[in-house]
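One structure below.
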Amino acid sequence: MDLSADHILVVFLLTTLAGLATGIGGFIAFFMKRTDTKALTFALGLSGGVMVYISLVELLGEAQHRLMEFEGHTAGSWIAIASFFGGIAVAALIDYLVPEDENPHEARGPEDIHGQASGEFSSSRIKRSGILFALAIGIHNFPEGIATFAAGLDSLTLGTSIALAVAVHNIPEGIAVAVPLYYGTGSRKKALFYSFLSGLAEPVGAAIAMFFLFHFLTPTVLAVLFASVAGIMVFISFDELLPMAERWGHHHISIMGIIAGMLLMAIVLI
């Protein structure tokens, strides 16, 4: 594990850039045609494919390999399994605690997002939904920031791969924040501000890992963290990204996006 100041700074910046990709999504939202749902369908599928592939192939595989090395074959396998499904349970609990109407991880179609501009809801309610989307996304992204930073300290290659997956996943989440806020306030600046703000949970998680969890990041703890975040990312993909892609009405385009996302990460991880 490289603990030099330069390496730590590089990893922290990498984590920050991954989180701020929500702002890219917020920016893209202003240029999307409401009737063109194919691009977002593909993007959602791509995000899901990226996250599922890196979670199951890289993070969980790496966690299981390390745990088996340090804890023994049987114990290591069980710890990896428990950590993975523990991550799923944590993500599901967070999802349960956020009200359905304001949860960005409840599948939404064009009638839910763009329909808000037609006057079905008051501007104050739309604005409130956008702010709550940003808050909920921040809560979900917090452990990803810890994992990206910890992985980057251990291996810059692994940290970069996780950061790329998180960044790709954050772009459609930024869209989910920016669209209702833009419709509710009429201000592009506010929509962009909150979409960027929701991504700050990533560097906050990295900062906490750096200042408070640093001395506890043993090889076993790192492996447990990798497996847990793999579970969180798989849950987000199956609960949010893939169902939302389906609801936009282009099944085969979403499948192509998933395959493209998996292929992208397979090439990146070579």
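Cβ atoms are placed via backbone N, Cα and C, with glycine included.
What Swiss-Prot lists as transmembrane segment is 8-28, 40-60, 78-98, 131-151, 162-182, 192-212, 216-236, 250-270, and the listing cites sequence analysis. Taken from Swiss-Prot, the feature Fe(2+) binding site applies to ASN141, GLU144, ASN170, GLU173, GLU202. According to Swiss-Prot, the feature Zn(2+) binding site maps to GLU144, HIS169, GLU173.
The stretch from 8-28, 78-98, 162-182, 216-236 that makes the most Cβ contacts under 8 Å with the transmembrane segment (250-270) is 162-182. Residues 60, 63-64, 67-68, 71, 105, 132, 136, 139-140, 143, 223-225, 227-232, 234-236, 239 of the same chain, all 6+ positions outside the transmembrane segment (78-98), place their C-beta atoms under 8 angstroms from a C-beta of that stretch. With respect to their backbone Cα atoms, GLU202 (Fe(2+) binding site) and HIS169 (Zn(2+) binding site) stand 13 Å from each other. The most densely surrounded of the binding-site residues GLU144, GLU173, GLU202 is GLU202 (count of other Cβ atoms within 10 A of its Cβ). The 10 Å shell around the Cβ of ASN141 (Fe(2+) binding site) contains 27 further Cβ atoms across the protein chains shown.
Separating the Cα atoms of GLU144 (Fe(2+) binding site) and HIS169 (Zn(2+) binding site) is a whole-number distance of 11 Å. Between the alpha carbons (Cα) of ASN141 (Fe(2+) binding site) and HIS169 (Zn(2+) binding site) lies a span of roughly 10 Å.
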